[in-house]
Amino acid sequence: MRKTRIVARSVWKTAEGRFSVVVLGIWIAVSLLSLVWTPCSLWSTDGYDTWASPSTRHWLGTDGTGADVFSWLMAGSRTDLVIAVLATMFSAALGFLLIGMTASRSNVFSNMSVVLIDALISIPTILIALVLAVPLGASVAVVVIACGIGHGLNLARVCRPQALLAARSGHAKSALSAGAGGRYVLLHHVLPNILPTLIVQLSLSAGTAVLAESGLTYLGVGVPSGVPSWGHSLATSVKFVDVFPITVIWPGLLVTVVVVALNMFGDCLRNAVDPVSNAMLRKNGAVGASEEGKSR
Amino acid sequence: MRFVLQRLALFVVTLLGVSVLVFAALRVLPGDMAQLMAGMNSTPGRVASIRKSMGLDRPVFEQYTGWLWGLMHGDFGMSMLTGRAIAATVKTRASVTFPLIALGLLAAMVIGLVFGYEATMSHRPAVRVMFHLLALVGGAIPALWGGLLLILLFSKGMGIIGLFPSQGFPASGWRQPVQALSSLALPALTVGIIDGATLMRYTRSALTELLSSDVIAMTMASGYTRRQAMVRVGFRLALPQLVSVTGLLFASMVTGVMVIENLFALPGIGYGLVTDLGNRDLIAVQSELFMLAAFFLFVGFIVDVIHRLLDPRMRHPEQEG
C-alpha cells in the first residue's frame, strides 16, 4: 500500500505526469458524464441549423445534419475509452501468454513463441483488421481484436530479452530449486523485471488503439455509423472539409491530446515504478524486484 | 547461411498459414458468398452466374487449392466488377502506392534521423525539450487529421499557401512525372511526419545510450569532436537497431498509407482494397489481402537477414554469456 502511494506521488511530481493524469481524468469523467447528460441530444437534428458556428447553444457548432458537435465528441469519448481499455487488456493477455511461453522451461513452447512472433510481427494491424472486417463487418470488435493481436505480438517481442534474462537468473533458479513452480517464477521474478517495459508498451498500445479507431472508422471497418466516436466525428467532418474546414479541428485535436497524455503517462509511470530511476522507491526499502512479491 | 535458410522456411510456412487464414475469413461469412457478392436485391440468375464464374460452386477445398495453384502461377483471379485480371489492376495501383511509401519513408528517415540526432547532441535544454515534445505530438497525430491539416495549409485552392494539388493523381500516371510527384508530395509528407516522429524517438534513445559509452569516449580521445564521433562511429553502431525499427515502421506505415490514399483520392493499393471491400468484390479482396500480407512477410524476412548481417554479435549468439 505504501508503495502505491510513493508511485502515485512520483508520477504527480513531474509536470508531464500531472498533465497526463489531468487529461486522462477528464477523459474518464466526461465518458461517464456522457452516459447521463450531453448539452444537446445526439439525435435532435435540425435541418435548418446545419454547419452552425459556435454559439451558447452549440458550443462547437453543428455538423451537416444539424447535430451538436460538442455532444457527439462527448459521447464519442466513451466509445474510444472502451476501445482503448479492451484493446490494451487483450494485448496484455496475449503478450503475457507469449512471454510466458518464451520464458517457459519447455524448449518446444519457447521456440514456438519465437516462431509465432517473428512470423506475424511484420503483418500490419490494418491487414488483420481488414481480414476480420470481412466476416464481422464494421464493429468495435474489429478494432479491439486487430489492435490486441498487433500490440500483443509487439509486447512479447519487446519484452522477450528481459523476460529471458529474468527467467534464467540466479533468483529464478534458486526459487525453482527451492520447489517453486513455473507460475510462481513467472509472477514473482519475470513480471517485476519486465514491468517498466510492460507499462510503456501498454500505454503505447492504448494510444495506438485510439489512433487506429479513427483510421479504421474512416475506412469503414471500425466503429459502425451511428455509434458516436472520435473517428466518426473526424470522418463525417472530413467529407465537408472544403466547405467547413473549422469543424475538422476538434476531433483530431482531441485524439492528439489524449494520445500524447497516454504516452506521457506511460513514461512517467515507468520511471515511478522502476527502482533504478526512482530514488524515493529505493529509500523506502522496496529495493529489488524479488522483494516486491513478499511485501504484498 | 543456416539462419537465412531457417528464416526462409519460416517465411514459406507463414505464407501458407496466412493464405489459409485469409481464405477462411471470407468463407465463415454467414450466408452464401455468391449472394453476398451479388448484393441483396439481385435476381437468382445473377447469383447463379456469379457462383459459376467465380468457381464458388466447387467444394471449398478444391476452391482453396485452385486459388493457391493460381497464386503460384501469377494468376490472382479476376475482378467480379470489371472482369479484368486482379494482377494487372494491382500492378497499376502499386505504381502509385510504392512511390508513396518510398517517399514517405525517405521523409520519415530525414525527419527521424536528423531531428533525433539534434535532440541528443544539442547542449541547450530548451532545444532538447522542444524536440522531445515534437516527437511526442508528431507520433500522436491521426494520419487522417495530419493529412487534412497539410491540405488546409499547403494545397492549391483550399490551402493558405497553395503549393501542391490537394487531391487526385494524374490520369496518365508517371508519364507526367512532375504532376505525379507533386500530387504525392503532401501524402508522403503526412506519412513521413507521423512515422518520422517514431523513428526520432528510437534514434534518440539509441544515440543517448551510445553517448555515454566507452566507444564514443575512445573515438573522442583519438581526436574527433563529439559530433564527428557520433556521426562516424555512433550511427554505424546504432545501424542494426535502426534497420529493425525502420522495418517495423514500414509495416506500421501502411495503416497511414491506406487512410492517406483514401483522403487524397490516390488510386493506390489501399484505396483499391477499401473500394473492393465496399463493392463486395470478395475474390479481389482475398487476393489483394494475401498479396499485401506476403509482401510484408517478405520485408520482415529481409529486415531480419540484414539485421543479422549488420550485427556481428548476432551471428554467434551461443558465444554470448
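Every residue, even glycine, has its Cβ placed from backbone N, Cα and C.
TrEMBL: automatically predicted annotations, no manual curation.
Listed in TrEMBL for this protein:
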DOMAIN    A:77-266  domain 'ABC transmembrane type-1'
TRANSMEM  A:21-44  transmembrane segment
TRANSMEM  A:81-103  transmembrane segment
TRANSMEM  A:115-134  transmembrane segment
TRANSMEM  A:140-159  transmembrane segment
TRANSMEM  A:198-223  transmembrane segment
TRANSMEM  A:243-265  transmembrane segment
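Counting same-chain residues at least six beyond the ends of the transmembrane segment (A:115-134), those with a Cβ under 8 angstroms from any Cβ of the stretch are 98, 141-143, 145-147, 149-151, 153-154, 156-157, 160, 208, 212, 215-216, 219, 221-222. For the transmembrane segment (A:243-265), the most Cβ-contacting stretch among A:21-44, A:81-103, A:140-159, A:198-223 is A:198-223 (pairs under 8 Å).
Tertiary proximity for the transmembrane segment (A:81-103) is limited to same-chain residues at least six positions away from its ends with a CB under 8 Å from its CB atoms, namely 27-28, 31, 109-110, 112-114, 116-117, 140, 143-145, 147-156, 159-160, 163-164, 166-167, 185-186, 190, 194, 198, 201-202, 205-207, 209-210, 213, 223, 229, 262.
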